[in-house]
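Swiss-Prot lists D77, D264 with the feature active site. Feature annotation from Swiss-Prot assigns disulfide bond to C93-C100, C303-C343; the stated evidence is similarity to another entry. Marked as domain 'Peptidase A1' by Swiss-Prot on the basis of sequence analysis: 61-378. The N-linked glycosylation site annotation in Swiss-Prot covers N88, N310, N314 and is backed by sequence analysis. Summarising the annotation, Swiss-Prot assigns signal peptide to 1-17.
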Amino acid sequence: MQFSLATLTTLLAFVAAAPANKGFVHAPIKKQSLQAAQSKIPNFASSGPITAELYNELMAYQVQISLGGQTISASIDTGSEILWVWENDSIACQVDQQDCDTDGSYNPKKSSTSKDTGVPFNINYGKGHADGYLYTDNAVIGGASAPGFKFGVNSGDLSSGGFSMVFGIGVNSDASTSISAQLQKSGEISRNLYGMSFSDANLAGTSNDNSEITFGAINTGRYTGSLKTIPRVATQGGYQHFSVSASGKFGDVDLFDNDLVILDSGTTMTYLKSDYYNAFLGGLEDLDITLSDYSGGWHGYPCSENSKINFTYNFSGKEITVTGHDLAIPGNAVNSNVDSSVCFMGVDDGGNMNLFGDTFLRAIYSVYDLERDEVSIAQAAHGKPDNYVVITGDVPN
């Protein structure tokens, strides 16, 4: 997972809860002042659907959860496994009370159901770390309850990385810290899985910004064609990630064949192994597209060139197209001094790994099956009516 040090303000609309007879509920979206995502590779370190709206600030997607009656907005992250939040009297909240007022913080003394387990937690990221102690409390997300949910409470400060609270929903061996497992345990959903859909980065704050995570169900209105279910591939070093095998091309340039790709919603960019990234740069040169360096490590180019940019990925026979429009990050969304005609490239050098973050994930609809160790993907669709299908058995292909 990764987060940025830049701060933006996004105006977000309120969304009313869906009618109960549809079998799903929506958490409201609100105006937030959030930290935007940036290049930071992590250390490798009633049985109905429950739908929580995600809100997009640049490309950092957040979801709201209530812990002991206290509302928290945290960045959703398939690349880590627990939720951690700021304690109300943490050094971070003392340094920047406005952010804690905006995103929320957790005060154990305000909840009669809060319990300090006395067990420490520590998560190392590419920049910084989060640590503290695990607590349990009653959680509510999208109107559904998960009693006794376990999460981390951080009393530290921003010097350890400067990122917002993180809602880890990745591969997890401890069911007590998995929100989807706890929703299943409480009878809110039948299957321990969730589907995710990300909107276009340019739609942040508009009525069309309808990113969502749906626990226990899929939304067939968010993809075109059929879903392809593929097994998760184990990674070395004991780390657990949503890793799958894929091949990739940029235009007519073959980048890689049958290599490991990590799907990580807590990462903004698409990172390619160095050799693959250099081949991509060569492909840009062939298209007469030149990247210019900007502060913060961003690489800019004219947005008018987006129509030339096209990736094709193959996942076990399922072909996914990622366009320049999918990959582009509006330059003036990151830096107000950048002209609106400039886009920042959403692909960068990943060193020895392929790490596919939000600039890839918004081109697909993805389903993460934690029970069966599988991922299902399809090409994303926009503008279709929502159609929620409760999953009690196999994910439909």
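Each Cβ is built from the backbone N, Cα and C atoms, and glycine gets one as well.
Recorded features from Swiss-Prot, shown on the structure.
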residue : record                      : Cβ contacts under 8 Å, 6 or more apart
N88     : N-linked glycosylation site : C100, S105, Y106, N107
C93     : disulfide bond              : W86, E87, D99, C100, S105
C303    : disulfide bond              : A328, P330, S341, V342, C343
N310    : N-linked glycosylation site : F250, G251, T321, V322, T323, G324
N314    : N-linked glycosylation site : A246, S247, G248, I320
In whole Å, how far is D264 (active site) from D77 (active site) when you measure between their Cα atoms?
7
If you count, for each of the active-site residues D77, D264, the other Cβ atoms lying within 10 Å of its Cβ, which residue has the minimum?
D77
List nothing but the one residue from C100, C343 whose Cβ has the fewest other Cβ atoms within 10 Å; the candidates are the disulfide-bonded residues.
C100
Look up C303 (disulfide bond) in the DSSP assignment and report helix, strand or coil.
helix
Which three-state DSSP class does C100 (disulfide bond) fall into?
helix
